[in-house]
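Written out below as structure tokens is the structure these notes cover.
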Amino acid sequence: MRFNLAERILNQDVLSKDEALALFEDETIDTFELLNEAYIIRKHFFGKKVKLNMILNAKSGICSEDCGYCGQSVKMKEKQRYALVEPDKIKAGAQVATENHIGTYCIVMSGRGPTNREVDHICETVHDIKVLHPQLKICACLGLTNEEQAEKLKEAGVDRYNHNLNTSERYHNEVVTTHTYEDRVRTVEIMKANHISPCSGVICGMGETNEDIIDMAFALREIDADSIPINFLHPIKGTKFGGLDLLSPMKCLRIIAMFRLINPSKEIRIAGGREVNLRSLQAIALKAANSIFVGDYLITGGQPNELDYQMIEDLGFEIDG
């Protein structure tokens, strides 16, 4: 490529925000050129390995927040509701994850944040899972948390905590009004302070600008998230963003490539909405990303695991772990 981007970045010459935005918006630069540069970086740090992740929706539909993308929002009248599931169901999910060569098992709860009782419930269950499946990484996604809860999660064996920034600081109030951008950043910082690996990502396709997308990538670089899930909006009828169009597959690929160029050494995961937004180009996204969710998401379906395994094999890649 005319800019030798990969060589520059691997030599610690980081992109500036202005330069990244210019690259992202320059229509004379082919998306596949950017992907080729991203692939050189991805291969340098991760080879041809692909990390697999699986979600369990452990508590659904009980939420006070008004997130405009979410089918579990307080504003949604028709939604699946259930309280925190029993430990046996969470443990059964861990068994399925292990049998399917999943490296990270994500336990997700709806709501603004967990009660202390819910945290204790999760901690006891995670402890038991770690005894049975010591090699399985556990990611918790429970909402806004405090120091005491983070300490308990760490002691129980939680390896990673997911709390997405979701969008840029500028656009945040268009997405949700019941908590602040600073609330989200604070939760990530609490996890880092308690030596739990921070996982934080975005949702693209909610009406944000190109500048917002680049701002998101730099914000995640600034908070030093170890893992960055990139979701693409899967519009849900009845939500604020339910009437928006899907992003084009090529726009999605360009976004993923830019996130790799801006966060070169981080785990970048293709997450929710990949099937309906990337469509037939899902495999190409792994030229920049090195991680995917397999199976279903929280309230939307994924594709069969066998298709993901075949996609990885067809690329000449291999499952990490």
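Using N, Cα and C of the backbone, Cβ positions are placed for all residues, glycine too.
Here Swiss-Prot has Cys106, Cys139, Cys199 binding [2Fe-2S] cluster, and the candidate from Arg42, Arg269, Arg274 in that same listed site is Arg269. Residues near Cys106 ([2Fe-2S] cluster binding site) in space but far in sequence (CB under 8 A, at least 6 apart, same chain), listed by position: Asn53, Met54, Ile55, Leu56, Cys139, Ala140, Cys141, Asn162.
Arg269 ([2Fe-2S] cluster binding site): 24 other CB atoms within 10 A of its CB, across all protein chains. If you take the C-beta of Cys63 ([4Fe-4S] cluster binding site) and look for same-chain residues 6 or more apart in sequence within under 8 angstroms, you find Cys70, Gln72, Ser73, Val74, Ser110, Gly111, Arg112.
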